[in-house]
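So the structure is just underneath, and the comments pick up after that.
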Amino acid sequence: MKALSKLKAEEGIWMTDVPVPELGHNDLLIKIRKTAICGTDVHIYNWDEWSQKTIPVPMVVGHEYVGEVVGIGQEVKGFKIGDRVSGEGHITCGHCRNCRGGRTHLCRNTIGVGVNRPGCFAEYLVIPAFNAFKIPDNISDDLASIFDPFGNAVHTALSFDLVGEDVLVSGAGPIGIMAAAVAKHVGARNVVITDVNEYRLELARKMGVTRAVNVAKENLNDVMAELGMTEGFDVGLEMSGAPPAFRTMLDTMNHGGRIAMLGIPPSDMSIDWTKVIFKGLFIKGIYGREMFETWYKMAALIQSGLDLSPIITHRFSIDDFQKGFDAMRSGQSGKVILSWD
């Protein structure tokens, strides 16, 4: 079968032929329809320091997808041939304390699809049936293919009660924009998103944020005054991993504010911890999606009218995958979809 693989320890992704993966007793065989390119895939393409430490070569990459069930392991129940599915890209052990306690997303033995085991940038994918999620008929293939990153946004945004709150989102990448859209959809008062990339800030405006602020040109305190905010933000969603953005967030949070952090800052990032302490801030780290509550909320948010369509900006055939990666690497894109049909 055709697959996009990391074949060499250098920049790039290559189209290759690999065997169709073997179906285990508890697995589903999925024929891939559409995949989306993640920032993680771009890191792997660029062969940065993280990738060099993490990715075995060769490796079929990719973990954002939608497809059709074409094979079912003999122990599997609840699925049938033809079911349209996406799936959780974190394969968990099932036997650690967190897994057994119902906190599966905190499994210490997590294996990543397209990172530690073969991924979805291929004609077929095998995953445990436990990880598959049936897609409702009224959700399109395009939207289903981005459920993985949408789940990061939903998990981050819904970490705290947002109704009537003022929310600051730092980082207008696709996940940050989707998190801002979720916050607005569920009843936040003001949702302000910050970045320095004007293309992505314009995408955020299309998604209905209260204000999209280019912090290279505008002062955030002036924006807060314009919105009538006198006490700071109630909730912060840190999606950028940029130290200056996080420091600004700490400066502008209200006392007792709550911060969810998905962005990964450099290990040597320094902050003024007195602001965390004396403001009584609560900071929560976010990794992946809650299994599977986040997935049900994703489907329900779309079914209740949340429109994510503006975030998908580019669509290519899999044979034009290089154009897709070029678009993602340019920084002038939202989500990029690759069609395998």
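Heads up, the Cβ atoms here are built off N, Cα and C, so glycines get one too.
Here the Cβ of H63 (Zn(2+) 1 binding site) has 25 other Cβ atoms within 10 Å, regardless of which shown protein chain they belong to. H63 (Zn(2+) 1 binding site) falls outside any helix or strand according to DSSP and counts as coil. As annotated by Swiss-Prot, Zn(2+) 1 binding site applies to C38, H63, E64, with the evidence given as sequence analysis.
In the three-state DSSP scheme, T40 (active site, charge relay system) falls into the helix class. Its own atom aside, the Cβ of T40 (active site, charge relay system) has 23 Cβ atoms within 10 angstroms in the protein chains shown. What Swiss-Prot records for T40 (among others) is active site, charge relay system, and it gives sequence analysis as the kind of evidence.
Per Swiss-Prot, active site, charge relay system is recorded for H43 (among others), and the stated evidence type is sequence analysis. Around the Cβ of H43 (active site, charge relay system), the number of neighbouring Cβ atoms within 10 Å comes to 16.
What Swiss-Prot records for C93, C96, C99, C107 is Zn(2+) 2 binding site, and it gives sequence analysis as the kind of evidence. In three-state terms derived from DSSP, C96 (Zn(2+) 2 binding site) belongs to neither a helical nor a strand segment and is classed as coil.
Within the same chain, residues at least six positions away from Y287 (NAD(+) binding site) with a Cβ under 8 Å of its Cβ are H105, L106. As annotated by Swiss-Prot, NAD(+) binding site applies to I175, D195, R200, L262, G263, I264, I286, Y287, with the evidence given as sequence analysis.
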Rounded to a whole number, how many Å is the Cα of H43 (active site, charge relay system) away from the Cα of C107 (Zn(2+) 2 binding site)?
24
At a 10 A cut-off on CB-CB distances, which of the binding-site residues C99, C107, L262 has the highest count?
L262
Coarse DSSP state, helix versus strand versus coil, of R200 (NAD(+) binding site):
helix
Looking only at C-alpha atoms, tell me how far I264 (NAD(+) binding site) is from T40 (active site, charge relay system), rounded to the nearest Å.
12
Find the shortest Cα-Cα separation between R200 (NAD(+) binding site) and the recorded positions T40, H63, E64, C96, C107, and name the residue that gives it.
T40
